[in-house]
Amino acid sequence: MRQYLDLLAHVLENGVDRDDRTGTGTRGVFGYQMRFDLQAGFPVLTTKKLHLKSIIHELLWFLSGDTNIRYLNEHGVTIWDEWADKNGDLGPVYGAQWRSWPTPDGGHVDQIANLLKSLRENPHSRRHVVTAWNPAQVDEMALPPCHCLFQFHVAEGRLSCQLYQRSADIFLGVPFNIASYALLTMMIAQVAGLRAGDFVHTLGDAHLYQNHFEQAREQLKRTPKPLPQMWINPEVGDLFAFRYEDFRLEGYVADPTIRAPIAV
Ligand SMILES: Nc1nc(=O)c2c([nH]1)NC[C@@H]1CN(c3ccc(C(=O)N[C@@H](CCC(=O)O)C(=O)O)cc3)CN21
Ligand SMILES: O=c1ccn([C@H]2C[C@H](O)[C@@H](COP(=O)(O)O)O2)c(=O)[nH]1
């Protein structure tokens, strides 16, 4: 994951210090791109152990269309707790926009089902886009979507995905976001009968929080190890039928976790 370490170093060296919504303070750049070849191993950090369980459950939760943290908490995942209301609701965040974007006539658009259909029927289309940024509902969301638009691309039987992330917490959020979209791309490739290609990650406001600098420098002292492989149960042919047990990260050897406070 040299790409990620290069991002850390680039922002520490060239970023501009600014205050931010959370009152923490950040150092950041605007506009940055990374590319991960999904055939070269699963892009998960090896210079700090990541909690894959949170990432897999969060992705299955998005895909199910759920926007209440109950499912996450029942599976030991607490990453969305700080943003939920007393009933566990987050408002119409990712799951709602992906699976049931409301239309003016009272109907709903299932963007993921439409995407699967368009990948099968017209793989070379340039319109394989899913967006969570619904301007009519942003104010009702606990947090406006950070990973807000993604597009798929098919060439020579390979499925690639590019994500536009408007705001990127480089130390805590970005490692999760990379692994999550890499996995989503592999899952969609499997059910669409394609091989996984590249994951292209485009960042808008890419920032390191001031209270993550020390942790970032600590991570930069570490040497990346070979990437693990993600095993996905080959029997699953329906994107909405995947369960946690259908994924196994094989050969994941990583340095110890580095604790860092989350900015709320
Ligand atoms: N400031 C901020 N950064 C984010 O990345 C972020 C938000 N807010 N708000 C919404 C979600 C929640 N996300 C989170 C929240 C917590 C962790 C976190 O604490 N990660 C720990 C491990 C926690 C665990 O898996 O239980 C880590 O060391 O990676 C990561 C992503 C990503 N998003
Ligand atoms: O998947 C995610 C979700 C959130 N983030 C980060 C990016 C920012 O640090 C905060 C959101 O604050 P805004 O003021 O709304 O930009 O959460 C992330 O990196 N990845």
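Cβ from N, Cα, C; glycine included.
Cys146 (active site) carries neither a helix nor a strand DSSP state and counts as coil. Annotated active site per TrEMBL: Cys146, in sequence order.
Cβ neighbours of Cys146 (active site) (same chain, under 8 Å, six or more residues apart in sequence): Gln165, Arg166, Ser167, Ala168, Asp169, Gly173, Asn177. Residues annotated as active site, nucleophile in TrEMBL: Cys146.
Summarising the annotation, TrEMBL assigns dUMP binding site to Arg21, Arg126, Arg127, Arg166, Ser167, Ala168, Asp169, Asn177, His207, Leu208, Tyr209. Around the Cβ of Arg127 (dUMP binding site), the same chain contributes Ser118, each under 8 angstroms and 6 or more positions distant in sequence.
TrEMBL lists His51, Asp169, Ala263 with the feature (6R)-5,10-methylene-5,6,7,8-tetrahydrofolate binding site. DSSP assigns Asp169 (dUMP binding site) to a strand segment in the three-state reduction. All protein chains considered, the CB of Asp169 (dUMP binding site) has 24 other CB atoms within 10 Å.
What TrEMBL records for 2-264 is domain 'Thymidylate synthase/dCMP hydroxymethylase'.
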For Arg21 (dUMP binding site), nearby residues of its own chain (Cβ under 8 Å, 6 or more apart in sequence): none
Three-state secondary structure, Tyr209 (dUMP binding site) (per DSSP): strand
Binding-site residues near ligand 1 among His51, Arg127, Ser167, His207, Tyr209, Ala263 (Cβ under 6 Å): His51, Ala263
